[in-house]
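Beneath this line is the structure, given in structure tokens, with notes to follow.
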Amino acid sequence: MSFFGLDCRKKKEKEEERHLRANDREFNLTFQYATNAIKTSKYNLLTFLPMNLFEQFQRIANAYFLFLLILQLIPEISSLSWFTTVVPLMLVLTATAAKDAIEDFNRHKSDSQVNNRQVKVLMDGQLKSEKWRNVQVGDIIKLENNQFVTADLLLLSSSEPLSLVYIETAELDGETNLKVKQSLTVSGDMGDDIETLAAFNGEVRCEPPNNRLDKFTGTLMFKEQKYSLDNDKILLRGCTLRNTEWCFGLVIFAGPETKLMQNCGKTTFKRTSIDRLMNVLVLWIFGFLALMCIILAIGNGIWEYQKGFYFQVFLPWPESVPNSAFSAFLTFWSYVIILNTVVPISLYVSVEIIRLGNSFYIDWDRKMYYPRSDTPAEARTTTLNEELGQIKYIFSDKTGTLTQNIMTFNMCSINGKSYGEVLDFAGQRMEITERTPKVDFSFNRLADPKFVFHDHSLVEAVKLEILEVHAFFRLLSLCHTVMPEEKEEGELLYQAQSPDEGALVTAARNFGFVFRSRTPESITVVEMGETKTYELLAILDFNNVRKRMSVIVRCPEGKLSLYCKGADTIIYERLHPACKTLKDVTTEHLDEFAGEGLRTLVLAYKDLEEGYFEDWRARHHAASTALEEREEKLDELYEEIEKNLQLLGATAIEDKLQDGVPQTIEQLAKADIKMWVLTGDKQETAVNIGYACNMLREEMNEVFIISANTAEDVREELRNARRKIKPETIEAEPIFEVKQPKNKSAVLPEDTVEGEYGLVINGHSLAYGLEKSMEVEFLRTACMCKTVICCRVTPLQKAQVVQLVKKYKKAITLAIGDGANDVSMIKGKRATVSMDGMRETAHIGVGISGQEGMQAVLSSDFSFAQFRYLQRLLLVHGRWSYIRMCKFLNYFFYKNFTFTLVHFWYGFFCGFSAQTVYDEWYITLYNLVYTSLPVLGMSLFDQDVSDRWSLEYPKLYQPGQLNMYFNIGSFIKCLLHSIYSSLILFFIPYGAMYDTMRDDGKDLADYQSFALLAQTCLLIAVSIQLGLDTAYWTSVNQLFMWGSLAIYFAITLTMYSNGMYLIFTASFPFIGTARNSLNQPNVWLTILLTTILCVLPVVAYRFSRTELRPTINDKVRYKVSQSKHAPPPQATRTRIRRTSSRRSGYAFSHAQGYGDLITSSRYLRKNMATFSPRSKTNAKQPGTVLKTYRAVKDTVVDKTL
């Protein structure tokens, strides 16, 4: 049971095997399986206050001030009033609690929205609508088209033939093309018969909950028969049902035990490097505080022993103090109270305010707003802003992050002529923009209105009925495995095995060759308005070895033709010798296409003789039914017939990048940020995108491909790559060993490399590279490369790569993605296979709200709609946040150390009596009122240079990566500066006030006048220091600066007035001090002298440094000061035209094609009556019938991660 939000149940033993029975809640409840409710919130109304206070007092500073408060309640050692600690402590606790409450309230809203979704559950023999949270393991639920899958389900039956369902898995693996799942025959026969489903009592035994998205093992026992279960029969939570009217499923895993939630894991509390440094410095400060208190306590003991005895008449010891040693002990604790400001409690609440303000800047930035989807940038956490200015490694997903996941038909080569470019009247190539005129496809009523093409000459060639052009598009309309769906007359929807095929068929459709429908024996195409039906005689399907596919058709005129498309290297080997000249021209075009980063494909055809084909067909039938060596025999026949082909041309498909991606990556590279792409996509596609994004370039010295299948081969390939990059790293090392002390990661040294290199490694090779024995070898080689691309990686491998870099590199990492498969590297989780039990997460996670759902966004620290906004997030907001936070910390420590050390020097002149040098109200208000707003103004509004200059000079980002602005060295400098200032601020006023008289002859040298002078000098000196630190003045800064000084004098004159003394005599003893001191010229002269002496060394040091050793920041600021205008906005540059011998060999999925099922009619035998092509109910919906062709065998389902 749950008590006040705390789980009070007996801890469940680790599950070794899941055992459940359908429709039997009583049986399943005995195993205490999780319900389908998810909970990401931390508190409720009753637990918020105690839990939040407990968490806050785990912060060492809060606990310290609570301890001080307790000390102040002890009269013998209390040297300050209780309110000096209670007021700031309550302010800090209240502000932090309010922030935590708001964040947890939002989590409650999100949980409630998901848990209260409705789904139909089979209960008591009928379907009832239930909330998701009430669904339990063993329930049978009904899903309908376009519904989210409620939990991890065993598919029982569906509305589709052969009990198929079509699901979209974008939330899981980033793939937007549909996947096919199929139930067991024994359960599929139940259909939607409620009585049969209610009587179903099958028992499932399967693996326990885990995070493996691509694997499931289990068995179903039903009617004394055991059936094997695998991943093809499981629907995972996070998927969406598509093109399927309904389906029924049995809940296997629910709520937090689903594979989606297991991959999300628990949120890690991320701390910045500055947070970690501050924790170390706070411990140092505690040691410094203890040292000062010990020195002063020893001084008190000596003074009391040597001189205090003679003051017994005037200053008698309390009865509780028997001797000078005990007096020293009490004095130690009294000084702990007085000097507590050396650990300022307002530091933490100020840091939270600064981070919150900088987060609002990200939320409000119009330049990071995407109007098409009405999506602004969002800072989903307020604790990581300054770390955005220190990123060294970026780990990016590809699909949907760098690309739009949209394939477009951009260019083509037909019979030696290239199409797709737009030329001006002089024949010069023009850049295509949104204003470029588009081709008018109004002549074709079946054209796709979303298709865009700009080269009008290709349409003219089609209209002129040029034979080669018609043959080109005829091939595209026939040679494929696309499935059409026509819900309304003329509204065609293509379901393709890969987005590339869909783009090619759509191109043919718009240019007048419309693929309309298909049966196992025919393909119907509307050619230039005329409907033609081609007899489909054979499909020579694609696979990963062939890298091509062919179809053999008989045209309406009776001619036999073979149409083939595939990788250029494969097709070229099979061309007729007469095509040599055309091949050379086409190769030039292919090089140009590849230079543009396009995915290329070559098209060819061949006319067949009737007699030869009949003989080949008979041999093909014999080979396809052979019991032995079937695949080899078929391959031989395919090789035989796919010879002496006639070249038609080539296509060029663009995996459309998001706007500004190449420019963004170039800017980040100039900022010395290394980019790693971790994608579940195939190697060919990822490499293409790498070239298109300018991550990989032809100018690179070499791009290494790591694709070995054994550990030793992978190691050898990595070492060979490193040998080419920097041979001495191989020769000089026997074996590189990293010594790693307990609980602390070793740091791998940086290797200086001449030249630029790229590294591409696939998933199975990466698995070896991540092994303990090889991880250092892999990381050293990868870090020598400018760009690293990891292909075919699982979500877990993404997290492991991120963790590997975090483990051995002293660098800040950022992970960016848009799908649920990116959550593990964005959000972080504990996994059973995690390395050293460490959390597998980047320091910062960024989610892109794209086409793959919102899972990555919900798990991210920052989110926006387009990858190009990343450069502004890092180079502008991140850099500003880092500089502001560093300036704030340096100044804050300075002003508080200076404030506190004046107390320390005063102790030597007051008999170490723990008397304060300042008024108690000044001590209370110093951090809360007098100095809080000016430093917040600087920390919220300061800019060293504007956003445009920040983007113009990305090298300004590098000091953050090196942590130059706030580190242990800068802290020590701050401490030394504070010691110097405190000496000036104590001894100059002390000397000036010593034996001093007013101009009217009265005595001025009293304690209260000295206290007023010292605190006034301090406030003015630290205010001027703040002015020197401020680079960008606004009206708000001016108001805060001068307003705080005005408030100080106003409060001082008020509190030191006669009226306040008469009303609160004990609380305001400084009667008349302000008006008697501040009207003396020598007091103001002392203030001026003290201030000049405090700031003079700072001005001299900064001037000398700027002149002799200017930093990149100094140089740019000088250039900005000399420039009369801001830099122009970054122009969208024209892509440089280039050629390349490297190109995508094919544009297919890596899975086996659907050809064998398309030509199979076995589905018709089962559904002939219902799905007859001649049925009137299906006349306008051929897609409903043809969806059944998508039934896929185990080897066909794309299991891509």
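Placed from the backbone N, Cα and C atoms, the Cβ positions cover glycine too.
Source: prediction; values computed, not measured.
What TrEMBL annotates here:
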| type | residues | note |
| --- | --- | --- |
| DOMAIN | 21-86 | domain 'P-type ATPase N-terminal' |
| TRANSMEM | 57-74 | transmembrane segment |
| TRANSMEM | 280-303 | transmembrane segment |
| TRANSMEM | 323-349 | transmembrane segment |
| COILED | 620-647 | coiled coil |
| DOMAIN | 857-1111 | domain 'P-type ATPase C-terminal' |
| TRANSMEM | 888-909 | transmembrane segment |
| TRANSMEM | 921-941 | transmembrane segment |
| TRANSMEM | 962-990 | transmembrane segment |
| TRANSMEM | 1010-1028 | transmembrane segment |
| TRANSMEM | 1040-1063 | transmembrane segment |
| TRANSMEM | 1083-1103 | transmembrane segment |
| REGION | 1120-1142 | region 'Disordered' |
Segment proximity, the transmembrane segment (1083-1103) to the transmembrane segment (888-909), 3 or more C-beta pairs under 8 Å: no
Reported mean pLDDT - the domain 'P-type ATPase C-terminal' (857-1111): 88
Folded-back contacts onto the transmembrane segment (1083-1103), same chain, C-beta under 8 angstroms, at least six residues removed: 977, 980-981, 984-985, 988-989, 992-993, 1013, 1016-1017, 1020-1021, 1024-1025, 1028, 1077
Among the ranges 280-303, 323-349, 962-990, the one whose Cβ pairs under 8 Å to the transmembrane segment (57-74) are most numerous: 323-349
The domain 'P-type ATPase N-terminal' (21-86), counted residue by residue under DSSP: helix, strand, coil: 31 helix, 1 strand, 34 coil
Intrachain neighbours beyond the transmembrane segment (323-349), with Cβ under 8 angstroms and 6 or more residues off its ends: 59, 61-62, 64-65, 68, 71-72, 74, 76-80, 85, 88-89, 91-92, 95-96, 282, 285-286, 288-289, 292-294, 296-298, 300-302, 304-305, 308, 317, 892, 896-897, 899-900, 903-904, 907, 912-914, 916, 923, 926-928, 932
Distant-in-sequence neighbours of the transmembrane segment (962-990), which means Cβ under 8 A and at least six residues beyond its ends: 273-274, 277, 281, 284, 288, 390, 882-883, 885-887, 889-890, 893-894, 897-898, 900-902, 904-906, 909, 917, 1010, 1013-1014, 1017-1018, 1021, 1086, 1089-1090, 1093-1094, 1097-1098
